[in-house]
Amino acid sequence: MTNRDRMTKRIADRVILCWLDLEARNIEDNIHRKIEQLRINVYAAHSFDEWNACIDFITSVDEQDIIYLVVQPEHLNDESLSLFDSIPQLKSIFLLCNNQRKIILIQDNNNLIFNQIEQNIRQNANQAIGLQVFRAQNDKITDASLLNQLDTSFMYSQLIKEMLIDAEVEYAEDNINDFVDICLAENQDNQMQSENLRSFRNTYKQHSSVWWYTKESFLYSAVNKALRTQDMTMLITMGFFIRDLHLQLIELQETDIENQSLSMLYRGQGMTMKDFERLHQQIDGLISARDNPLHVGIFFCIRPNAAITTHDKKSLSPFASLRNVSCYPNENEILFSMHTIFRIKNVHEIDERLWQIDLDFTNDQDQQLNILLEQLRSEIYVPGVFNVDKVGKLYLKMGDYDGALEVYNTLLPMFPENLVFLCYVHNHLGLTYQHLDQIDQALMHYEKSIEIRRSWGDEENNDRYSLVTYANLSTLYAEKGKLEESIETYRKVIALRLEYLPSNHPELSCEYSNLAVVYSENKDYSSAIECFHRALDIAEKSLPDNHERLATIHFNINVANEDLANYEEALKHITKAVDKARLSPTFDQENLNRWIQSMQQIEEKIDAH
């Protein structure tokens, strides 16, 4: 399956309208005419005059699709209602009168039916926006795995947002064309949707991003689904629109007096019981708008923070009223930028299975998160053209190699004339395949990177860009057991880095650590310890005290000393490794437990001597 095929399959939720009338014939043409007349955005419409055929169709569609069923009430019974209630993709049933959970009460009027369907489509798109809940600001959590689950998810979501709205990334008309082509491939059998997409491509610049977001349900459905599932490939493809929308919200927030005088905002939403219980426990924690079963009714009361509504061009959390800018003149809702953060102030029950949650609108994080965010930014940021690659580097940092492959394969055709960028992307494709143990693919991309680099003839910068490939080749040599070649290449990498980087740059700490590991594999423990200490000295000067790399270096020094039977020195460093690991919110609890066991074993060896 190609990268485009993967994106096409999951670009947006598909809404399918089913019409069951056991007495009518040939009504499908009338349905399609009414849909086109009212511009209702559905993926497909089907009519049925046989009960079994309708049921077979509904149960055969993908569970990710959304089904609306229009049916005469006399065609329903308790058995069929029970069956419908168990079908997850069946969102609503429209009929004249009834009182079941999925049933919408409407008048016997076709226009009202279709108007109600269109309203439900929009409501479901909004309800599909999920929520992430993060720990309380003053919560003392010592379980590293729990911190990893909550705080790193929060940090990565914020970094993803920063990348998408980054002003240094230049979007072109081709980006719009790519997005529309993907949507057209998914909607090739939907004439009305195809017309809407072509109109979007041809007239995008004639209207504001907010106008488009409110007009076209294919657009807000695609954006919301990509945000909800964190589909980075699709988010990159839609990056031009997400940034335009974010910048317009900033402009509206600054210029609209009504926005600056808002004292309270309200939102109703359903929430699973599991998510609600977790939220209930996190008073003063963070919540970010990003399953959908309506097990608990939630009424959010949001108090805007005056500090956030000031004229801040760098604000990551703008919001604005859609009054006078929406495609629909009477719309007066509030639109928040993606991944907006709120602080949970209070949770209390206002009726049976209906809860009120008071939120403060904020963009502040605790000091520890700020430090870690800044460190992650420094590790994934490369100046200039490479800034667009931060998403791929973030995926590599997270260990999501399949995600990194999708990102790099998406970026590869975006800048065909930029040889420096192509060299860089091929190198990172090689690195990603190397992590996936696909050695032949890794070598192919490394060689392609070197080939491109040699073609531009810039001798002064050749070494600067070649060192990245050399570093990856060093690791590849070590994995293939060619330790001497690996050591020689790592030495070359360090020499090259020292030409371009300050002596205390964290990248040098990584390279010395990598070289030390190869020395250890080659049984040269003294050289390994020397390199590890160089790595440690640099890391202590350039990284925060709770960075997990400090813990890892101490652990590796411990291993090398243990191999030399220097148990006292080994104990000193593994003790520091455990202490540092406990401080790091991103360190894996399982690894920490193993280290503690190793520390106990070294203590036993010392006692035995």
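The chain as shown is numbered from 1 upward.
Backbone N, Cα and C atoms are what each Cβ position is placed from, and that goes for glycine too.
Any TrEMBL annotation is an automated prediction that lacks curation.
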53-80, 81-108, 389-416, 557-584 - the range that TrEMBL marks as coiled coil: 557-584
Within-chain partners of the repeat 'TPR' (423-456) [C-beta distance under 8 Å, separation at least 6 from its ends]: 386, 389, 392-393, 396, 399, 401-402, 404-405, 408-409, 411-412, 462, 465-466, 468-469, 472-473, 475-476, 479-480
Overall pLDDT of the repeat 'TPR' (423-456), taken as the mean: 87
